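Colleague: Pulled these features from Swiss-Prot for this protein:
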- Gly161, Gly162, Ala163, Gly164, Val165, Gly166, Lys167, Thr168: ATP binding site (BINDING)
Amino acid sequence: MVTTNVVTGKVVVVSGPAVDCEFPEGQIPPVHTAIRIISEGFDIPTPIDIICEVQQHIGEGRVRTIALQPTEGLVRGMQAISLGHPVEVPVGPETLGRVLNVIGEPVDEMGPVNAKKHYPIHRPAPSFEDQSTRLEMFETGIKVIDLIEPYLRGGKIGLFGGAGVGKTVIIQELINNLAMKHGGVSVFAGVGERTREGNDLWLEFQESGVIDPHDYTKSKCALIYGQMTEPPGARLRVGLTGLTVAEYFRDEEHQDVLLFIDNIFRFTQAGSEVSALLGRMPSAVGYQPNLATEMGELQERITSTKNGSITSVQAIYVPADDYTDPAPATAFAHLDATTNLSRDIAALGIYPAVDPLASTSRILDPHIVGEDHYATAQMVKGTLQRYKDLQDIIAILGIDELSDEDKLTVARARKVQKFLSQPFHVAEQFTGFKGKYVKLADSIKGFREIVEGKHDGVPEQAFYMQGTIEDVLEKAEAMKKA
């Protein structure tokens with residue numbers, strides 16, 4: 001029974017992030033209700049004021065909650081106040097340029113977020129009649145993505161890769177390109193990743209002008225963090241907080257929003273920890289039995305409506321590079337495009353280290369992207385696939401044993417491979433190359449000319465870390481003079 005009055009109970013069991021609270025019978029708060037626990041009347045060095053979320057009703061007036069903030073210093077008998085609604089977070093333009101935590105509190109020491117509206121983090125997905133079925137490509141300015149696995153506006157994109165192959169750098173470049181070229185709003189949800197990365201991202205965005213913490217009208221991105229040091233409850237719910245902030249811009253301001261989740265695997269990992277704390281029987285590989293349901297509740301809210309869209313780019317860590325692991329495999333089912341990052345390509349020094357043969361897109365279709373784009377992408381993939389097939393022969397017999405036609409294919413494939421590299425704006429200080437945004441038409445033109453043999457006389461090295469084909473020809477001229 002839900003009452004409108006404030007219901008007060010007390011803490012009866014504390015076992016790490018799982019906290020059991022007792023309430024009067026008949027006034028038990030429903031599942032997903034926010035519970036505030038305070039240390040008023042207790043003589044402890046640091047006062048406690050934390051938020052938990054109801055997960056289970058365990059009988060005799062008791063509920064099991066999961067803490068969204070650290071539980072150090074929590075003592076049995078402390079006051080537990082039911083807030084009567086789920087966790088609510090500030091939404092609106094006032095969140096831009098700010099760093100918020102899972103419960104919407106600012107963690108950037110820039111004062112309170114004076115938002116006019118608050119939304120609950122648990123909300124239903126848009127209904128069938130509200131959803132849009134329009135298929136339209138979203139230009140990113142990154143050659144390999146735009147040509148081989150074009151992103152769908154309002155779609156879900158997975159960035160797959162093991163540790164350290166460049167998922168976060170691609171996300172940073174996408175935010176930069178969206179803000180600089182499209183003037184759009186982004187929401188970045190840092191789910192269980194390194195605190196240092198979160199801090200670096202915030203500082204980089206200030207330097208590049210993506211955000212101004214002192215003036216939200218000049219900011220293009222809201223940052224929502226639940227980092228590795230946070231309790232599992234925070235890491236499980238911070239994705240929903242980020243999504244709720246993005247939903248405001250889609251539904252109320254009718255914008256096309258980019259939602260970045262780094263890393264969706266940590267969301268699953270946190271769910272597994274919470275599941276164990278709640279005493280559920282583990283499923284395959286020790287994951288939670290409700291893995292697909294949890295993932296669905298998050299993913300189904302990320303969609304296009306007739307008012308606006310949320311295009312989501314999700315970094316997906318692949319444990320031990322095993323794509324059959326239940327966590328990445330469950331995420332696969334929801335995606336419209338996949339950008340697959342390969343350690344082998346990174347080892348060649350080609351960045352972004354995207355594997356063009358393993359990456360896919362639902363909209364790489366001549367009816368959606370056009371005949372020219374589709375044909376060029378297939379020619380590029382065909383050339384790279386032939387090169388891959390010939391690599392065993394080259395390794396055993398050497399390149400001289402190939403036919404003239406195959407030698408030409410290999411030469412063009414190596415140029416294509418080098419041309420797939422691209423200098424990023426956000427990596428300028430590491431690479432020394434000036435960042436380049438490449439329009440789709442320039443990408444198609446450049447790759448088509450390479451596979452058709454127009455640049456067979458240009459040295460391979462001239463194609464490395466360049467933007468357009470004109471940049472390549474300029475580099476080749478400079479190499480000749482040197």
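Every residue gets a Cβ built from N, Cα and C, even glycine.
Quantities reported herein were computed from a predicted structural model and do not represent experimental measurements.
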Colleague: Where among the binding-site residues Ala163, Val165 do you find the Cβ with the fewest other Cβ atoms within 10 Å?
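Modeller: Comparing Cβ neighbour counts within 10 Å for the binding-site residues Ala163, Val165 gives Ala163.
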Colleague: Secondary structure at Val165 (ATP binding site) (DSSP, helix/strand/coil)?
Modeller: coil
Colleague: Which of the listed binding-site residues (Gly161, Gly162, Gly164, Gly166) has the least company, meaning the fewest other Cβ atoms within 10 Å of its Cβ?
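Modeller: Sparsest of the binding-site residues Gly161, Gly162, Gly164, Gly166 by Cβ contacts within 10 Å: Gly164.
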Colleague: Sort out for me which one of Lys167, Thr168 has the most neighbouring CB atoms within 10 A, since those are the binding-site residues we care about.
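Modeller: Per the Cβ count within 10 Å, the most buried is Lys167.
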Colleague: If the ATP site is taken as the center of the Cβ atoms of Gly161, Gly162, Ala163, Gly164, Val165, Gly166, Lys167, Thr168, which further residues of that chain fall within 8 Å of it by their Cβ?
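Modeller: Near the ATP site, the remaining chain residues are Tyr317, Leu341.
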